[in-house]
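According to TrEMBL, the feature domain 'Cytochrome c assembly protein' maps to A:8-187. According to TrEMBL, the transmembrane segment annotation covers A:23-45, A:65-85, A:97-119, A:131-151, A:163-183, A:203-225.
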Amino acid sequence: MQTEMSLWSYANPTRFMATTRPLLPWLSALAAACLVVGLIWGFFFTPDDYRQGSTVKIIYLHVPSALMAINAWFMMLVASLIWLIRRHHVSALAAKAAAPVGVTMTLVALVTGAVWGSPMWGTWWAWDPRLTSFLILFLFYLGYMALWAAIEDPDTAADLTSVLCVVGSVFAVLSRYAVNFWNQGLHQGASLSLDAEENVADVFYFPLLVCIAGFVLLFVALVLARTRTEIRARRLHALQLRERMA
Amino acid sequence: MPDLGKYAVEVGAAYGLSAVLIVGLVALTLWRGKRVKRALDAAEGRRNA
């Protein structure tokens, strides 16, 4: 007998736990390997930039973290929409699990950007369109996590945070495209682009790609691990309620 | 160690702060994962007892 498989079968918590358990160690090891190789390559074995000097080495943290800050929100948006439309609990919990990872990536991007901007722009901060939309995205992450924490009923919390996630997506889009929408900011254009003329030089590009792969894998591994914890926490909450009522 | 020149403080700060944030996130993830798993195992044990 042939069993029909679909993506939705992973929305079953038991199936999700069984599938992700063997995957996690491999993903974590691959993430660690990419991060170690990419960061060592970028830090120790790339030259200084003729204009930026050694601050160019900050690119290996700033670009991948900024990329993941935005994409984490989009992952949360997809998971939230799945929850709102199909009511799969695992997707709501995956969105919840991704938020602390996304907020950390946003903070890394903001901090490294400020540290880089101080010598290069002569200021830690400017109310530039990209910087400002990134700051608002950071505040949306905090608001999203606070909303999850503030509402006791998990389904209501999932509903309201999903709506907040949809609204916040405007700022995730602005964070990505602010440089293209408004041309008056301090922030330069994208470091990586499908248009080869805009890309950084090859000597910086390849270690940067490895670092980006490391950040993506780290994000996936952390979200899977945290989603597993959220599923367990939900089960624990249900058992504790039953114990109290018995 | 590469010579970071006059920007050594900025580059060091960027790497140091990022390491603290990322390692902190990983540690928190592992710590909460273990804590919840232990509590769930105990609750399942009480239920099956």
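Positions of Cβ are set from backbone N, Cα and C atoms, glycine also.
A TrEMBL annotation is a machine prediction, not a hand-curated record.
As a quick check, the transmembrane segment (A:131-151) and the transmembrane segment (A:23-45) miss the bar of 3 or more Cβ pairs under 8 A, pairs 6 or more apart, so the two do not touch.
When pLDDT values are averaged over the domain 'Cytochrome c assembly protein' (A:8-187), the model yields 92.
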